[in-house]
Amino acid sequence: MSKKTVENKTGIPVSTLIDDLKSEDIRKRQLSVQNLNVIASALGPERTRLELIPFLNELMDDEDEILSALAESLSNFIDFVGGNQNAVVLFSVLESLCKVDESSVRNKAAQTLISLIKVIDIKKNEELLQNLVKRLNESENYLAKGPLTMIIPSFYGQVSSSFQQELNKIYLAATRDQIPQVKKQASLNLKDFVAVACPKSDDVVLSIINQNIEEEQDFVRLYMVDACTRYLKTEGTQKNHSIIHQHLKNLSEDKSWRIKYYLCEKLQEVTQSLGKSDFKRLIFGNYIKYLEDQEPELRSIAATKLSVVGAQIEPDEVVQKLIPIVKTLSTDTQNYVRNSLAQGFLGLSQFIGKKNSVDLILPVLLQLLKDEDSEVRISLFKSLNQITNVLGIDTLQQSIVPALSDLAQDKNWRIRSSSIDIISFFAKEIGSDFLNDKIIKILMDWLSDRVYAVRESAVQSVKNIIQSLGWQWSEKNIMPKILALKDQTNYLHRETLLFILIQSNKQINSDYLNKNIVPTLISLSKDPVANIRFNVAKCFKALSTQIKEKEQTKKVLTSLCEDSDIDVKYFAKQALDSM
């Protein structure tokens, strides 16, 4: 295998980077560890295996920042030790990292070990894996059992039956461990163990699930949602599905709202594993209760899943059981509940048809368009594509424009910025009919906004509108207003004009460019603000292929190459070279 080389971009000699691995200055050590690939590239695979890796084993008492950087660096280190055939050389360092106190380091090390295990010959290295498992399981740092439960599923299916039986015992013991962190991680990783251990080791897996369902700590019960859904998807487990069904039903009725919240969060996976009839029989009734629960967080997450649930039930059940609750939630006292509703309820229209949508969903939509919380209105706008195919945009247009006008003037710049995408969406969906004078004025206000992020989003919106509606419409309706920005006293507005020209250069008609835009750029090349002048140079470069009178343009750029500002000179030279 050819030696992998990495460019040293640190500006520090490799010899110094190596010395700094032992520096008393933590910043120097961290920089060296972050650039282990540079060091290994210089040393070559053999010296990396024989010298660097053993040295790294001595760093385990270092600060968490160093260990975290080490775990990250080793995640892409196979090539530096000579390829897959030498991957096991890295095991010792990663094993040590699996035993440190910091959980993020342990988890990263385990993930890297898993990636290495995928490229080694499992059968040839079974003894090595047995010893690794034994050491992690018996480590003085009991927390090493946590990453062990992450690692086991990565090779379980490829090892001997006797080793599998040993792994079953270890995993079962981890789920019964007295240390909460170990028990939690074993519960979290159980879904992966289920996928490889079933149906052969059904008895062990069911024993763990049955035990964890009864666990007092809700953080253990919580992850049984994932384990149960994975079990139902695993081939050969059908004989025990009734047991798992009951467990999922029990979880959906758990005394802890956190578990109900988590189940709701995973509802897409739950419905896929159960199928429509079992979902309706086991979960649907409890889902209705979530929508009406006293805990607002539970109402909120349930509201985001309305479309997921709507797909599992009959249209008349959507109308009779979900829509009345949707109406109630639209006046919920918690803003974030209404926000979640705005994200989730419009998709119900696809299940109940146009007439029901007009009668039942449209009134809620119109109400939320006037919601006092601008975040709710933004979420609603972002979800409108879920209903436009059912109702048609004409039904919505009269209500959209006033609500959009309000958002455009919101005092929160993030709201103003978010609302810009809405114009692009409707311009594409509706066409030019949507972009009346009022909407164009809103767009121009955004282009002159005092906040850069808003202006930047508006520039992108203009580009999208030109793409969607074509040049003929754009030339007549928005380009005169955009070019008028050249006369604005605020240089930021003049700069916005140039940003639009750079972004939209491929959409601009050649005749219009030479007749209107080139003279504008020539005029702005004399602007007193350097930012304007160097952006003029950028514009000339972006538009160079369409410019007919190149001599005049070159003359302007040659003049800018003599500018007093270094950036203007730089970009003018680039533009001149492109001509």
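Glycine residues also receive a Cβ, built from the backbone N, Cα and C atoms like all the rest.
Taken from TrEMBL, the feature domain 'TOG' applies to 350-574. Confidence across the domain 'TOG' (350-574), taken as the mean pLDDT and rounded to a whole number, stands at 86.
According to TrEMBL, the repeat 'HEAT' annotation covers 52-85 (among others). Among residues of the same chain six or more beyond the repeat 'HEAT' (52-85), those with a C-beta under 8 A of the stretch's C-beta atoms are 1, 4, 21, 26, 29-30, 33-37, 39-41, 43, 45-46, 92-94, 96-97, 99-102, 104-105, 108-109, 111-112, 115-116, 119-120.
Positions annotated as repeat 'HEAT' by TrEMBL: 322-360 (among others). For the repeat 'HEAT' (322-360), same-chain residues at least 6 beyond its ends with a Cβ under 8 Å from one of its own Cβ atoms are 288, 291-292, 296, 299-301, 303-307, 309-311, 313, 315, 367-368, 371, 373, 375-377, 379-380, 382-384, 386-387, 389-391, 395.
Annotated repeat 'HEAT' per TrEMBL: 361-399 (among others), in sequence order. For the repeat 'HEAT' (361-399), same-chain residues at least 6 beyond its ends with a Cβ under 8 Å from one of its own Cβ atoms are 307, 323, 326-327, 330, 335, 338-350, 352-354, 406-407, 410, 412, 415, 418-419, 421-422, 425-426, 429-430, 433-434.
Here TrEMBL flags 400-438 (among others) as repeat 'HEAT'.
Residues or ranges marked as repeat 'HEAT' in TrEMBL: 439-477 (among others). DSSP places the residues of the repeat 'HEAT' (439-477) in helix, strand and coil in these numbers: 35 helix, 0 strand, 4 coil.
Taking Cβ pairs closer than 8 Å, the repeat 'HEAT' (517-555) reaches residues 483, 486, 491, 494-495, 497-499, 501-502, 505, 508, 510, 563, 565, 567-568, 570-572, 574-576, 578-579 in its own chain, all 6 or more past its ends. Here TrEMBL flags 517-555 (among others) as repeat 'HEAT'.
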Tertiary contacts of the repeat 'HEAT' (439-477), as residues 6+ beyond its ends and Cβ separation under 8 Å: 401, 404-405, 408-409, 413-414, 416-417, 420-421, 423-424, 427-428, 431-432, 485, 488, 490, 492-493, 496, 499-500, 503-504, 507-509, 512
Three-state composition of the repeat 'HEAT' (517-555), taking helix and strand from DSSP: 31 helix, 0 strand, 8 coil
